[in-house]
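Encoded as structure tokens, the structure appears first; notes follow it.
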Amino acid sequence: MWRKLRYALFCGLLERPSPPILCQRVRLSGPFSTCSDSTWSLVSTSDMGNRYQRDKVLSDSGSKSLVRIGKSVLSRCFYLCEKKADTSVEESSLQDILRVYADISPETTRRFWRVSVLRPEDFLEILLGIGNGDCSLRKVEFLLKLFRWAKKQSADFDHLPRSYEVMISVLIRAQMYEDAESLLLGVESREIFSNSAPLFSGIIQGYAEDCKLEKAMVLFDKARERGTVPSASCFQSLLSLLAKKKKVELVTKVYMDMIKVGLASYSQDFILKIVIVGLTKNERILEAITLLRQLRCSGTEASHFALSAIAEGLCKKKDFEDMFNFLEEWGHAPDVHICNKIISSLCIDLGIQESWSFMQRMEVLGFKSDAITFSILICHSCRARKLRDGYIYLSECLSRGIVPTVYIYNALISAGFMEGLHRHANDVFEDMLEKGIMPDQTTFKILLAGYCKYRKFDEVKRVLIDMRNRCLTSLTSLEDSLSKALIFLGLDHLKVKIKRDNNVGIPRSEFFDCLGNGLYLDTDVEEYETSLAGILDSAIVPGFDSQLMRGNDKVNIQIALKTKDELTQWGQNLSLSTYSKLFRHLCATPHHLKEAICLLDDIPESLELLDGETLNLLLKNLSKNGMVAPAMMILERLFKRKLLVESQSFMELIVGLSKERDIDGLRECCNQAYSSMWLPSSKDLRPLFSSLCRWGLIKEVLELFDRILENCPALVSSLCTSVLKELCMTGYTIVGCILVEELLERNLVMDHAPFVYISMGFLKEQQLVESLGILDILHNKNVTLPINICQHIIPLLLRFNRFEEAIALKESVLARKPDRGYRSLVRQMLLKGLISHALRLKDLIQQKDKLVELNMQHMRIHPDKNTYDFLVHGFHKCGEVIKSVEALDTIIFKGWRPSNRSLRIVICQFCNDGKLEKALELSKLMEHNKWKHGSVIQNELAMALLRCGGLSEAELFLDRVAKKGLIPANIDYNNLIQNLCMHSGIQNAVDLLNVMLKKGNLPSEMSYSSVIHGLCDCKAFDEALDFHAEMLHQNLQPSVEVCNALVNGLCANWRTDDARRILRTMLQYGPPPTYSMYSHVLDCYHLNNNLDKASELLQEMQVAGHSPNFETHWSLISNLSSLEKKSDDGDKSILSGLLCGSRLPVMNSKSKVASAFK
């Protein structure tokens, strides 16, 4: 793919003249040029304003070329994936697969270099060797590929049941749940597993944790159909996801199944709460009670909330007797707000006495009554015209130290008026004030209505004056107090007037003034009396619904929520209009989202009353706060009601779903967005594509790409840049390559930025050759590269031995972005004209540390870590070892981390001076701080220990560094491997060689040779042959000495056939076998009287250019002469072959003749 891009770059884009918008480039001497910015930018600031115009011209000239670019890319991506899946395994040999993944676990795979067919037990050995513990994605990729390759060896091959089990477990740990499920369901019907429950559980739990609800439930149902019982953690994960998704019915089903299979002890309170609430709402209370009893039998106590919820459900059904029995059975007193709700319901349905009796029974169980409890009892007593009982309950309330509420006094005053005790109303009012209870508007409303009822208009005026003093109304001396009172009571429409009775005709006097004049009301007295009685009666029990939204749009949320909570305890419900108003205010304040959700659960039908603006506001706030499940429900309701979904609502929900890792929800949201013709704003493009690419939703990305281009062709340039960058940065560079090809075919690529992103993507995906190839082309065309890319290119150039280019590039980067330290100090001195100071740098280094700081301060230079690192190096170069060590000590004392070079210099100096203890002490400090030990440090310390005869100490040191993970990626143990082999540390040498391979570093030929020699000395010939085969597959040529040691050792242990194979590999790969090697093998065959193989080897020896001595040749001919008579006439005999064999030397190790002896 990248080669096609190179061709496109050469023949297409790069042959065109550069567009005028490119910024001015700085030509440097290095292979690549750099920008001062750390981010990519090809457009100068002054030209940014022209970008839209350029895009518009581009889109106008080729609008047809913009059609279905994404669809074309998508079709090609699917083709590539299918081709790869079909051919990646079938076209490979075992050695091809091992060669790609040889660095994963060389100690496990090494012995399989010499085999061509895997047995089932062989794969299990590899699987157990690599699959145990943490598995990287690359390890799992290797195991899965090898698993499939082994199965396709022959129709008769089948993996061991243990292999299936371990392979599925490895896939589960690698979070490759679809592959694990496919493998499990493919063999589970064969019943090869003794216990498949852990495998089902792992996959279901993985799906649940990845928010893949549908897949989790489908597999869960399949497992239960087979009689498989998932694990407790699997149940818990699945239940948590269902609860998060608000799937109450499914939560109930799965939870009850969990209890049924005997996992009640793993019950979680928040899940039980959801189940009980769901059952009680659906009036399945008996099932809920049965469930709690099952939990109790299993030793799990029911939660306080669950018991209260069931009691509340029974109360709603009016099953009071069952409720009493249930609570006494469990010895449970519900929460105070539940008890108050029950007491209120009992007051309405069974009367005050039953409520009081219930309260007393609950108090035996631990219930603690509060002011609301007595308010309910007193108010309902007053409404039932049992004023005496009301005062008894008030007395009981006061005796318990509970402060009465204003509702209690309002009820008592109102009931007193209704019972004709208007003379005592003021006494009750004064008592209320004495106890510090502030009257509210309802209190004054009751007083005014009562006094008006009994024509106590002087008292009415006094109440109005009191209200004026409390700023509840205004009253002037010119205003009529009765009219003011009637206006406050809402009875001004009666037009009441006070008239004097003139004693003409029938007497009409209703009351008398202080002078004894008879007065009466000129109005509809019956309506007047009825209205006042209605006011008094309605004021006995507080009307919370009307209070809640008093004050129009100015709502105190805290007071409103408190009032709403109190309203539920009184058994009252919000009206839908009041609910909608409160809900809007809660949605407008993000920190009240939880209260809004609770309110939504209480009255879900009220969503139909909320307007689109409120729902969009709620949707955005829910998404921002991670509540994506209710947010998806709101989105569904918006679509159902055909309301407009704002663009920002979609954007916030997509980002929220991405953060919550809800991939299925993310895909569903994208589908709904596309179906509604949604288009994101330009500022949302980058975060949107980032969220989608992060979770691999490439299909959705490309579909959205086409939709935006279709509707906004002027955004083609910025859109392509955003999409391409996110594809390359999230591991989909190959898709980015296809996208660029499509754009090139349509002449839509106007600059080099896309190719830089592709190169960065290849670099991030460790496809180094492809990345460097594209960068080479860009360099040849003088394309400016950002500094951050150059910093990644430098080690890449070093890895491919392009040292001069790496140095030149580093210098160009330093010219644009100077480093700190002495190198930059010298540069700054020269730039400032301080040549004398620069020339005195050596003298400065040779001075004492304190004097150095003084000189730096004099020059206004403040030393930092880099300065001291340079001092360590400078003092070392000048031979000032003590000062070099002091500079390192200063770095450590100041809490800085020394550079690797500083640590390397000091440790090497200690080892060279024989101060091994100090070197080891510094190494322990590095271990304590988890600083990695580079190749030089490890080699120096281990070699110093070996020189002192401390083989075991050296091995312990190397083991400790490895176990603590202090080995860098570029480790080189070649010298140490050879020395360990010389000191009989063969096992540790093998371990170090394996470490090098795992770090991606190929050991040298000498390292392999040393190990093979050491293994031969230990008579470990199988291991030696494995290393020999690995050498050949690593394209390393064994030396003659190594091959000779193998041949001699194998012959000495009568493994003549293995020795003969070594000779044949030498003919194929080199170096050519020697005469003595052939002689050893011939002697072994001759001693074993294996004349056929001896004669064959003699012919191979002659073909290789070696002539056997006369004694050997004649002895073999003599022994074979008797066989000549037994040969058929049509066949050439072995003897004649020996007599007529070629004597021409064949020294080419790769000749066709040599290859024939494989």
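Using the three backbone atoms N, Cα and C, a Cβ is placed for every residue, glycine included.
Per TrEMBL, the features are as follows:
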| type | residues | note |
| --- | --- | --- |
| REPEAT | 196-230 | repeat 'PPR' |
| REPEAT | 370-404 | repeat 'PPR' |
| REPEAT | 405-439 | repeat 'PPR' |
| REPEAT | 440-474 | repeat 'PPR' |
| REPEAT | 864-898 | repeat 'PPR' |
| REPEAT | 1004-1038 | repeat 'PPR' |
| REPEAT | 1039-1073 | repeat 'PPR' |
| REPEAT | 1074-1108 | repeat 'PPR' |
(message) If we skip the immediate neighbours and take only residues 6+ beyond the ends of the repeat 'PPR' (440-474), which ones have a Cβ under 8 Å from one of its Cβ atoms?
(response) 406, 409-410, 413-414, 416-417, 422, 425-426, 429, 432, 481-482, 484-486, 488-489, 498, 510-511, 519, 521, 529, 532-533, 535-536, 539, 542
(message) Mean pLDDT for the repeat 'PPR' (1039-1073), rounded to an integer?
(response) 89
(request) Could you give me the DSSP helix, strand and coil counts for the repeat 'PPR' (405-439)? (result) 26 helix, 0 strand, 9 coil
(message) Please count the residues of the repeat 'PPR' (1039-1073) that DSSP assigns to helix (H, G, I), strand (E, B) and coil.
(response) 27 helix, 0 strand, 8 coil
(request) Taking helix as H, G and I and strand as E and B in DSSP, count the residues of the repeat 'PPR' (864-898) in helix, strand and coil. (result) 26 helix, 0 strand, 9 coil
